[in-house]
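Sequence annotations record features per position, and here Swiss-Prot assigns ATP binding site to G42, S43, S44, G45, S46, G47, K48, S49. Residues annotated as domain 'ABC transporter' in Swiss-Prot, with sequence analysis given as evidence: 6-220.
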Amino acid sequence: MNNTILILKNISKHYSQGKTIVRVLDDLNLTVNEGELIAIIGSSGSGKSTLLHIAGLLDKPTKGQVIIPNSKYQKYHLIRLHYLGFIYQQHHLLKDFTALENVIMPRLISGLDQKEAIEDATKILDDLGLGKKLYNMPGELSGGEKQRVAIARSLINKPKIILADEPTGNLDPKTTNEVFNLFLKVAREQNTAIIMVTHNYELAHKMDKLYKLKHRLLNIA
């Protein structure tokens with residue numbers, strides 16, 4: 001049985017808007033195990049991105065707990081660096097660095113071996129069809145290619161959990177399928193859990209579990 005690596009317990013998120021309280025999430029629960037592929041769907045504005053930000057320790061819940069069992073890190077920035085990987089719809093690549101340099105950056109920040117980082121990054125980029133674009137600058141890449149570089153960057157530190165917000169939103173169907181196959185490989189071979197917010201229902205139904213966020217609650221779809 002796979003170990004539990006993330007627990008969202010009774011999570012609520014409320015905002016003050018003048019004298020009005022805006023309730024985004026209410027008493028939401030989610031348990032994530034090693035190697036699980038989880039998709040979260042829901043209408044725009046339903047709180048999906050807020051949920052990912054809380055799970056990724058980028059935002060604090062109004063109530064509830066984010067529990068990462070057995071993590072050797074206590075400080076949030078260290079957990080984010082060593083334990084979590086993030087993919088956003090916007091790639092956020094560093095424009096003055098090559099595709100390869102963008103991918104290895106998190107590994108170098110972690111103080112790990114550069115040679116090994118280059119080897120791993122080259123393999124990931126090749127798996128994503130970018131083996132001939134290693135030394136291209138972001139400005140020389142298409143939108144889909146930039147997003148694939150960002151996906152490769154999220155994988156370089158071999159995180160326990162990847163949090164992906166519309167990771168294939170700018171990709172064509174063929175590349176979307178390649179990304180899913182890479183996610184599947186990472187989940188099965190490295191026991192990495194992937195939590196993905198998506199509007200792509202075909203992709204969502206390929207995942208191990210599918211949840212729908214509606215009326216501030218998360219339910220099996």
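Just so it is clear, glycine is given a Cβ too, placed from its N, Cα and C backbone atoms.
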Fewest-neighbour residue among binding-site residues, criterion Cβ within 10 Å, set G42, G45, G47:
G45
What average pLDDT does the predicted model assign to the domain 'ABC transporter' (6-220)?
91
Additional residues surrounding ATP, by Cβ distance to the G42, S43, S44, G45, S46, G47, K48, S49 centre under 8 Å:
L213
Give me the non-local Cβ neighbours of S43 (ATP binding site): same chain, 6+ apart in sequence, Cβ-Cβ under 8 Å, ordered along the sequence.
K214
When you measure from the Cβ of S46 (ATP binding site), which residues in the chain that are at least 6 apart have a Cβ under 8 Å away?
L213, K214
Would you pick out, from the binding-site residues S44, S49, the residue whose Cβ has the largest number of other Cβ atoms within 10 Å?
S49
Proximal but sequence-remote residues of the same chain as K48 (ATP binding site) (Cβ under 8 Å, at least 6 apart):
I40, I41, G42, D165, V197, L213
